[in-house]
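Here TrEMBL flags 779-794 as compositional bias 'Acidic residues'. Annotation source TrEMBL lists domain 'Nucleoside phosphorylase' at 31-161. Under the heading domain 'Nephrocystin 3-like N-terminal', TrEMBL lists 395-559. Residues annotated as domain 'GPI inositol-deacylase winged helix' in TrEMBL: 670-745. Among the features that TrEMBL reports, region 'Disordered' is placed at 778-801. Look at TrEMBL and you will find 897-929, 930-962, 963-995, 996-1028, 1029-1061, 1062-1094, 1095-1127 tagged as repeat 'ANK'.
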Amino acid sequence: MTIQQTKSRSRSLSRAQTWTPKSHQEYTLGWICALPKEQTAAKAMLDQIHPDLPKPANDDNTYSLGSIGEHNIVIACLPKDTVGTNEAAIVAAQMLNTFPSIKIGLMVGIGGGVPPNIRLGDVVVGVQVIQWDFGKAAVDGRFERTSAIQRPPRALRTAVSRLETEHDLHGVKIPRYLKEIKKRLPNLAPKFGWSEALTDPLFGSSDGTIDRYQSQGVEATNTSAIGWLNLMPNYTWIDYLKVFQTLSLSNWTNPVNTNNKYLTTIPRNPGDVKVHYGLIASGNQVIKDAKLRDNINQSLGGKVLCVEMEAAGLMSFPYIVIRAGACAKELLEYVQPSEVDKERPIRDMLSQVHDDIGAVRAILNKKENIEILNWLTPIDYGPQQGDIFRSRQSGTGQWLFESIEYKSWLTSKQVLFCPGIPGAGKTVLTSIVIDDLITRFPSTSSSIGIAYIYCSFKRNHEQKLDDLLASLLKQLSQNKPSLPQTIKELYQRHLGNRTRPSREDVIEALRSVIDSYSRVFIIIDALDELPESNGRAAFISELFYLHDNYNTNILATSRFIPQLAEKFQSYTTFEIHAHDEDVRKYLNNQISQSEKKLLQNHREYIITEITKAVRGMFLLAKLHFESIRYKTTLKRIKTALETLPIGETAYASAYETTLGRIKTNDSDPEKIANQALWWIVCAKRPLTTSELQHALAVEIGEPSLDEENLPEIQDIISLCAGLVTVDEESDIVRLVHYTAQEYLERTWEKWFPNAHVDITERCITYLSYDIFKTRILKEEEEEEEEEDQEEEKEDSSMTSPDLGSRVLYDYALQNWVYHATTSSIEITPLVLDFLKSEAGVSAYSQTLSTLQGYIDYGQWPPKRVTGVHLATYFGLPKSVEELLKTNNTDLEAQDDNGRTPLALAAWWGHNEVIDLLLDKGANLETKDDDDQTPLLQSVIQGSDEVVKLLLGRGADMECKDGFGRTPLLWAAWRGYEKITRLLLEEGADVEAQDNDGRTPLSWAVWWGNEKAINLLLQRGAYLEIKDYDGQTPLLWAAMKGHDRTIKLLLECGADLNAKDESGRTSLSWALWWEDEKMIELLIDKGADMEVRDKFNQTPLLWAAMKGHSGIAKLLLDKGADLEAKDNDNRTPSALARHWGHEDVVKLLMVST
């Protein structure tokens, strides 16, 4: 049968005709819809309707059977009020099980179009589909997409090629199909047919102002027209309303308003439809935000035509996505049944690869589990546990295992509090306990959970309450055979929005996971090193809750802190101190390893004397042994042992003795030890072994690093006489103990008075190495050449010098300013030369941008940064002062963002630098690329002291930026009460209007900044001022749903019935938000319930159309007119019936 014969036959068939039921095996094409209206459209496209067939008990789908031409088709719809890729996958899987011969599929329905090419009513055929929200959260917070692009089967792709050719030659047949349906199924015409009332709102992403209003998305009327009005452009609703006021197909020859940043497009005649072929982005999130839509499109190369929520769920289903029912019908004309027969049944293909998929899924699941766990927290205490346990003296700590307290804790549900003096060996003992538990209860014993935390003053930034809870959750989850479902759900809930779980979410998940174990052990070391400000009390309370409500054992160590001892007073306390036996084992091992005859010959004497002096402080044994390790005579050993410090001051005395010995010796090894110690003590963050080696190898003022000058790390550790150790797994160099850190933090200026100056100059020297300057400048030249050849080159981060040559570069780059400002000097000749070096400054500023950002707005990296820019940005007044003394310093030099040094100083709030620049004649009114002056930038930042300073220096307070916004307007926008008051006191224009006609009061109302509103009203701000959209402050408040602001404005006498350009009042906007309390308030205050907007709709008509029964009842109770009619002469009852809102219809009937 030819295609034409098929069409003729289909037109002659009656839908009432009875057909002999076919078998399940005869259906080869599956058609899936997301919405009931899409299913209606699909059934309307069928040439023949077939009788229903029985289905298995475990199949929840409801099927519609029929045919188009020679294709037997199964139609299924997702359950009502469910959307997304997962639901689509479930429907498809059940369909394949019931109809095993299905070989290809169609996903047909409504989608969100992506401008500028897609119009309301256009059709998109998805020759490619990708799941845009399937991926992983990277360590730096970025979302990495891991979904692959899916293509339809060959039979559909060849049909699409034919379809596209026919459309080019003869046009689309969709309108003809619609006319046929209108005749055959007249009941569908009002909802699914073309209407002259329909409009095409064409606009792009809103600007920063509009985009903040991410609300409802477009829900235009009649969006479900079969094959014609089936593609809904996805724009922000506020823009939609603006265009809806002026744009209709009757005046379509007028271009869209480009002043409001809408898209200028080529006009089309009413009824024209275009079919697009390309990429569809599918995901589990409703896209009602134009900016998010555009971000998705941009991340996929700008090729997305449509966004929707189901197609990606059919990844294993050979299908094509068409966002139009009638187009699907037309496509099937070109899909030959013989081609479909060649395709394998989908169920067979899925069965064949099931085993392979299972193996791959296991690998992927493991990888995904790791990603989820690292998303919870990247912190891993495993390496620290390994480092500490390896550092123990083998055989020590046995006394703990033999104690009654530990045995009882191990075998029953208990809390064991283990306080001890500093250096008693609490942390090492903690590692021994953890190892014992892991040995007793290996990971194969999934019924026992083990989690531990090593608190540290050095890690306070990553040991806040939320971090600690997440770490416990991570450890207990990763030990399960499979990742708990509650964790997966938590991850999925936050992944799409890139949000973090709340504390309550984490606690709930933690309790759920703990409840899945028969027993849990939680060990917390050095609880005293966790500051109270980090939530220590709340953390302890949660630990006690877990113990009281679940089968959870807690063991915690701490120094003797009264507040902590009080919290644990009702539980078992077991004091930790160094046992003589353990000390002797340690000393004996150290003497054996030293291989020094003098020490070995007097082994017992040395061990006995040090053990007596230690008095339970294991750390002292290490320090005391270091004090005699290199003694050359017995007399010197005896003298040292006889004067060993004891008691509370023992540590301070031991550290002072050790540092004094290093300090007084001016030999090269001791210089290295001294420099190493001040780097370790004074560095902004912990250093790796290689970073420390490079830091010590730097020769100040040299143009390159001599790698022959790199000291061996073991030599460094040895020269530091027991004060320094290396965490092997993390490769971090640190002080041996908390007590050493405490001592040196108190006394570092005594021992290392010039440390920060030295570190500053070493950092500057490193940054100034020729290799960095030349390589980065070369990359800059290459980039400029590429930009000349290709104007729209995809942006990529700067490639820094290879890691082998830049070990210390990142540290120096980010922290030299910290050391410069911490030192009393700040500026040295070397620093000054660096800031004067054009090549050095350029290289530095560009690399800095890849790590932390120079400024948080505008183009980066700026290529015209000067040394004064940098010194100003970092707030280095002495450096700025020295630079200003040179004759060639340009005070008005602008970077690529047009910002002068004064602009940067104003933005970052560096008052002293501002004074210096102004004293030298800096221009107060220079504008950057956003037309912002230093005053405007200081206002935006909320720096009231800077604003006061600049106003005092004569800054123009009526200056306007590119949006026409004055300082007062920005202050009101941001809600800065102090700045708003200051500007008003200085006489700022309270009625200044920006480019959209909005005043400071308008913007204060927009953001609900009540204090600013009150200040402006006190200064006489006009309540009824209208912007260029006709919005008064009260209308803005209603539009934003700010209840308190509305009440405030009404109390001040605002016009309740003022209308905007669309004819909407504040009551109209309250209806939009479905805010019944606000609606009632406005009506009680006198709002006109019969007000009509430009579409001649009253509030009750609007409520009836939208199906808001609660609002409709409220309006009826207040006396709204039941007989009001719209432009189509429809009453509220008729309108509600038209849109299928039966609950509203019943309500209106009762009220009649």
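Yeah, the Cβs are placed from backbone N, Cα and C, and that goes for glycine too.
All TrEMBL annotations are machine predictions without curation.
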What are the DSSP helix, strand and coil residue counts for the repeat 'ANK' (996-1028)? 16 helix, 0 strand, 17 coil
Counting only residues at least 6 beyond its ends, the same-chain positions whose CB falls under 8 A of a CB in the repeat 'ANK' (1095-1127) are 197, 221, 1063, 1067-1068, 1071, 1074, 1076, 1079-1080, 1083, 1089, 1133, 1135-1136, 1139, 1141, 1143-1144, 1147-1148, 1151-1152
PLDDT averaged over the residues of the repeat 'ANK' (963-995): 95
Could you tell me what the rest of the chain brings near the repeat 'ANK' (930-962), counting residues at least six beyond its ends with Cβ under 8 Å? 858, 898, 900, 902-903, 905-909, 911, 914-915, 918, 924, 968, 970-971, 974, 976, 978-979, 982-983, 986-989, 992, 994
Write out how many residues of the repeat 'ANK' (1062-1094) are helix, how many strand and how many coil, based on DSSP. 16 helix, 0 strand, 17 coil
